[in-house]
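Chemist: Pasting in a structure now, in structure tokens, and then I'll have a few things to ask.
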Amino acid sequence: MWDIITPLFKEIHEDLTDELKYLKLKHEIKDSRELIERLAARAKLDPLSEEFSQHLDKNDKLSHLREEFSIPKSSEVTLNGVVSLNPNEPSVYFCGNSLGLMPKRARILVNQELDVWAKSGVNGHFTHPHNRPWVSIDDTVVEKMAEVVGAKPIEIAVMNTLTSNLHLIMASFYTPKKHRNKILIEAKAFPSDQYAVESQIKFHGYDPATTLIKVNPPPGEYIINLNDILNIIEKEGSSIALVLFSGVHYYSGQFFKMKKITAAAKKKGCIVGFDLSHAAGNVVLKLHKWNVDFAVWCSYKYLNSGPGGIAGIFIHEKHAHDFNRPRFAGWWGSDRRSRFQMDKPFNPIPGAGGFQVSNPSVLNTISLLASLDVFAQTSMVQLRAKSILLTGYLDYLLDKQLNGLGYKNITPRDPHQRGCQISLMIDEDKLEKVINGLNSYGVVVDERTPDCIRVAPNPMYNSFSDVFRFVKALKIIMGNLGFKFETKK
Ligand SMILES: *Cc1c(COP(=O)(O)O)cnc(C)c1O
């Protein structure tokens with residue numbers, strides 16, 4: 001990939017720091033559809049041709065990462081009695097925003113742990129043939145996880161699952177007072193987050209109807225204007241205890257301007273937290289630098305840790321030694337040296353580690369490690385560069401091949417305001433036919449009834465040919481549903 005974008009923005013390829021590459025990327029790519037046309041012109045290929053998709057794959061410097069994953073065959077992903085048209089072809093798996101594919105390494109590592117368990121029993125906690133004693137199993141993943149979200153190791157812990165962590169961290173960081181008790185959240189947040197937030201408000205004796213402020217998109221739209229968020233923070237900031245946003249919205253795919261939201265809210269003295277379930281492993285994050293107070297995320301989406309995998313938390317370093325906040329403590333958050341001395345009082349580990357409660361699941365932690373080992377072969381900046389092209393290519397082909405017929409793209413068109421996901425609204429009466437049709441072509445997307453599909457080409461294991469196959473299949477399906485297309489020039 002670098003080779004073909006190098007002439008367009010040379011420095012991304014070169015030996016700059018990740019930080020500089022990232023800035024360059026943001027600066028150079030304004031319109032990903034225009035970028036696709038420039039690349040096709042340079043290669044002297046028709047941007048709508050299959051050949052062009054193959055050209056992009058050939059030049060993709062990250063294409064080897066696909067080999068690290070088990071890609072299901074088309075026949076293995078059919079549902080609802082759908083008959084696979086090309087059963088032996090690899091599926092086009094665009095559902096990594098719901099459950100990331102399995103890194104092959106996960107099976108090896110998990111089997112190793114099962115062997116240690118079988119042969120050593122409890123001793124595996126302390127002596128371990130692969131040098132991963134269970135008592136400190138989280139040490140294997142913390143640094144790699146920190147790298148993925150732009151944090152220092154002291155700011156990261158892996159523990160529990162997402163919603164439980166949201167509750168635990170809110171217990172410490174949502175401490176409403178009489179004149180500052182509100183929570184600001186985006187409208188239509190993921191239901192679990194809404195339930196968590198409402199129940200926390202009630203737990204403190206307040207009424208969600210007056211205490212929870214939701215930022216809405218303009219009527220009839222899906223994208224929330226940054227200015228609307230900033231205006232509310234400006235007007236109501238002094239009564240807001242916590243600004244809690246998602247990094248990337250699970251439904252619309254909007255990537256919120258986290259740095260600007262954080263800066264505005266910090267200026268007003270609010271605590272700022274993010275749910276990064278759809279952002280971690282998807283977009284470049286700089287949690288430490290952006291001065292975010294806390295963040296939580298699950299790891300089974302873009303972080304490919306497996307169903308129900310162990311989740312991550314970020315607590316900014318500035319809170320590392322603040323032991324005055326309330327906290328729901330457990331033995332795993334207590335000083336390691338005295339952890340097993342049952343008569344010792346709770347002595348919190350400085351940083352995120354002090355928020356751990358229980359000893360972590362080794363099998364879950366190790367399957368997360370398998371995925372983070374793949375992340376460690378590249379960087380979030382490289383993944384993001386490919387992602388911008390890959391999703392930009394999807395956006396481009398949809399536009400040109402389907403002319404906007406049969407669907408409405410509700411995700412921001414600006415590549416810097418979205419991650420890899422594009423959400424398409426489909427008429428309610430057609431959704432099932434579209435899903436089953438795609439399924440027969442071996443395409444897996446995420447279905448949000450009654451009228452939305454979320455399409456997420458993952459730069460780690462998806463190819464440009466995958467995108468080409470998806471759009472081709474969707475066009476045939478929409479054609480069969482009666483839509484007539486002309487190719488836009
Ligand atoms: C996936 C997702 C969840 C799921 O929560 P769990 O506690 O992991 O079951 C919650 N919130 C958001 C925003 C999500 O994307």
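A Cβ is built for glycine as well, from the same backbone N, Cα and C atoms used for every other residue.
TrEMBL feature annotations, pasted as is:
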type    : residues                                                                                       : note
BINDING : LEU162, THR163, PHE190, PRO191, SER192, ASP193, SER246, ASP275, HIS278, TYR300, TRP331, ASN359 : pyridoxal 5'-phosphate binding site
MOD_RES : LYS301                                                                                         : N6-(pyridoxal phosphate)lysine
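If you look at the structure here, what lies around each of the features I listed?
Modeler: According to DSSP, HIS278 (pyridoxal 5'-phosphate binding site) sits in a coil region rather than a helix or strand.
For LYS301 (N6-(pyridoxal phosphate)lysine), the number of other Cβ atoms no farther than 10 Å from its own Cβ, over all displayed protein chains, is 27. LYS301 (N6-(pyridoxal phosphate)lysine) falls within neither a helix nor a strand when secondary structure is assigned with DSSP, and so counts as coil.
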Chemist: Measuring Cα to Cα, how far is PHE190 (pyridoxal 5'-phosphate binding site) from LYS301 (N6-(pyridoxal phosphate)lysine) in Å?
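Modeler: With the alpha carbons as reference points, the distance is 14 Å.
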Chemist: For the binding-site residues listed here, HIS278, TRP331, which shows the highest count of neighbouring CB atoms within 10 A?
Modeler: HIS278
Chemist: Roughly how many Å lie between the Cα atoms of LEU162 (pyridoxal 5'-phosphate binding site) and LYS301 (N6-(pyridoxal phosphate)lysine), rounded to a whole value?
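Modeler: One finds 12 Å between the Cα atoms of these residues.
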Chemist: May I ask you to report the DSSP-based helix, strand or coil state of SER246 (pyridoxal 5'-phosphate binding site)?
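Modeler: Reduced to three states, the DSSP call for SER246 (pyridoxal 5'-phosphate binding site) is strand.
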Chemist: Could you round the CA separation between HIS278 (pyridoxal 5'-phosphate binding site) and LYS301 (N6-(pyridoxal phosphate)lysine) to a whole angstrom and send it over?
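Modeler: Cα of HIS278 (pyridoxal 5'-phosphate binding site) to Cα of LYS301 (N6-(pyridoxal phosphate)lysine) measures 7 Å after rounding.
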Chemist: Kindly assign PHE190 (pyridoxal 5'-phosphate binding site) to one of the three DSSP-derived states: helix, strand or coil.
Modeler: coil
